């Protein structure tokens, strides 16, 4: 490699130092007619409330990428380990044996994204079925999760892939409507769905892989959405309690790690303020094609009801004998790390802190201290629901662990102007998240295709932040991974040569080791997103995260990528980790860049770049 090219690679992350078995015969059984189909308009007013999010996308040109994705990833540079060199400064080596003996190394998926089997399996319809079929133009290339990647029928083979990776954990979600097609027990239990999850859990355990279950990963039963508006109505709390209790009693003797919700902030903001994800609600001024919604009120109502539903599920968990003997329950929150755009600006420093409170603190403060962050109480004011004294007291005891999804960082600076007549989450936040910095010592910032700065040191920082600010909880990293755009131009060999993703994973594992050793963070596990390529929500199948490449054009065959091969060797104790592109030494100012990127400026936005995760 040319010296000039290598020099370009060695430039950024200066910031990088730092869940009573039921009698099946007694259960009400739904008929096939009850389940219905998604084809054609449903004659209910709720369907008319689903808004348009993204215009038609029929090709794979750069212009088709959603503006909020921030960047597109160009041709990947062909690099070898010899090009890496070593980190100048204090040497820090990590072996698999350096992690605690009970540490979990695993992969993550969610039901709608991978399972498929929408028809003929008894599963009821979800808000995402509605979202993708009533308005296919909202999803890249008109994609949907009808087939996913056929995990429902291939799970045994996919567990073999996990074994190939030498992982000992697998995080998945349970589809509410695969168990309760209409959302409640009295309306019918789908025994085939119950059997599927029992078989999956048993197969995992038979292969030495610990299951970790998320109860809600953005799939709201369509029947409940149509009946009373889903999470817009507090009635959802008791229905979620019933669903959670069913799962604890059915699977809790074998599943010991439970999470109630995945990324409730994204579900609230993207689904009810931006209209970008199911159920696609927002104010007209936010997106003209949103037929109904209130961006100023609904995200906070939905978030509050998710917190109350979490509390109800925890109450059931604490009283369930099936989960006694080591069972834990928590929640999975997403947060970026935020640095001030200008490190010498006190206002930018405050903006970075404010961003953490609005993204992470929005849920973690009430779940730790019983109340919302002070900044939100002051600024969102009467639009933010209050907790009763009893709720606040219970909330303080409602987490056995914190699940963290971490993908990268942003630079923060205050918004110059806010329209007080058009309030939403972003105007309440009053912070611009950008990939641009005034720090001239950081010449080449590497971003992902979804517009997030790759910043492993941010993981160390946010783990330390959670330890210091939230009573030193046990933490599991439930998602961490790197995306890439599928232009449809690569052959299998090229598509599985993911050098950048390999370095991304290596760097974050190294950072985890530092966090455990140096900061004494109580980190218990690390799950990579994702085991394999899958349906990535409104980005469809165009964005890929998998350790395994899935060939959608050839019977969904799976092929291990370079990142998966490296992980397998590391977990088999054949790799010593001490050098990574994305992890460097602050004093030496490393800023490695692996991809050519083209920035796409969002249209009509107050924000320079906004992550699709919010």
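Including glycine, each Cβ sits where the backbone N, Cα and C put it.
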Key: Matching residue for the beta-D-glucoside site, where Swiss-Prot names 113, 262, 263, 407, 479, 529, 536, 537, 545 - out of 217, 304   = 217
Key: Least surrounded among the disulfide-bonded residues, given as 282, 290, when other CB atoms within 10 Å are counted   = 290
Inquiry  = Between all pairs in 113, 217, 262, 263, 407, 479, 529, 536, 537, 545 (listed as beta-D-glucoside binders), what's the biggest Cα distance, rounded to the nearest Å?
reply    = 18
Remark   = Most isolated by CB count within 10 A, of the recorded positions 262, 419, 491, is 491
Spatial neighbours of residue 113 (beta-D-glucoside binding site) that are distant in sequence (at least 6 apart) but have CB under 8 A = 145, 148, 149, 530, 534, 535, 536, 537
Task = Within 10 Å of each Cβ, count the other Cβ atoms and name the one among the binding-site residues 407, 529, 537 with the highest count.
result = 407
Inquiry  = Using a 10 Å cut-off between Cα atoms, which of these recorded positions sit near residue 344 (N-linked glycosylation site): 263, 407, 479, 529?
reply    = none
Task = Round to the nearest Å and give the CA-to-CA distance linking residue 263 (active site, proton donor) with residue 407 (beta-D-glucoside binding site).
result = 13
Request  = Run through the Cβ atoms and count how many others sit within 10 Å of the one on residue 432 (N-linked glycosylation site).
outcome  = 24
